[in-house]
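Visitor: Attaching a single structure in structure tokens format; questions to follow.
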């Protein structure tokens, strides 16, 4: 059990830190949602690639479940969308939903294709 928890936890620490750093790197002139969008899109692409190229169970736990699971964030996306709705910005909320959902699905698919090609 500990042999699974350790790689999972290490991946989660670095994934969460990467998401936080991405949010800090977003210029103040852009929407606060931009950092999470970039994290979700990057994570979606890379999770597809690594799902196809990593076979060792411990590395899958560290990278896919730990790192990319904590890099990408449904809770941040949900908060941003609800905040936009509460700010009476329904068009921005719908755009946020579309960009996160469609972009993440497309990039995961692309990542799987890339992973298959390099395998």
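Glycine is treated like the rest: Cβ placed from N, Cα and C.
Worth saying up front: this structure is predicted, and the values here are computed from it rather than measured.
Found this in Swiss-Prot, in case it helps:
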- 5-25: transmembrane segment (TRANSMEM)
- 30-50: transmembrane segment (TRANSMEM)
- 59-79: transmembrane segment (TRANSMEM)
- 69, 72: Na(+) binding site (BINDING)
- 92-112: transmembrane segment (TRANSMEM)
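For each listed feature, how buried is it and what is near it?
Guide: Proximity of distant same-chain residues to the transmembrane segment (59-79), defined by a Cβ-Cβ separation under 8 Å and at least 6 residues beyond the stretch ends, is recorded for 4, 7-16, 18-19, 33, 36, 39-40, 42-44, 46-47, 50-51, 96, 100, 104.
When Cβ atoms from all protein chains are considered, those within 10 Å of residue 72 (Na(+) binding site) total 22, not counting its own. Annotation note: residue 72 (Na(+) binding site) sits in a coil segment as assigned by DSSP.
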Visitor: State the count of C-beta atoms found within 10 angstroms of the C-beta of residue 69 (Na(+) binding site), not counting that atom itself.
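Guide: Result for residue 69 (Na(+) binding site): 18 other Cβ atoms within 10 Å.
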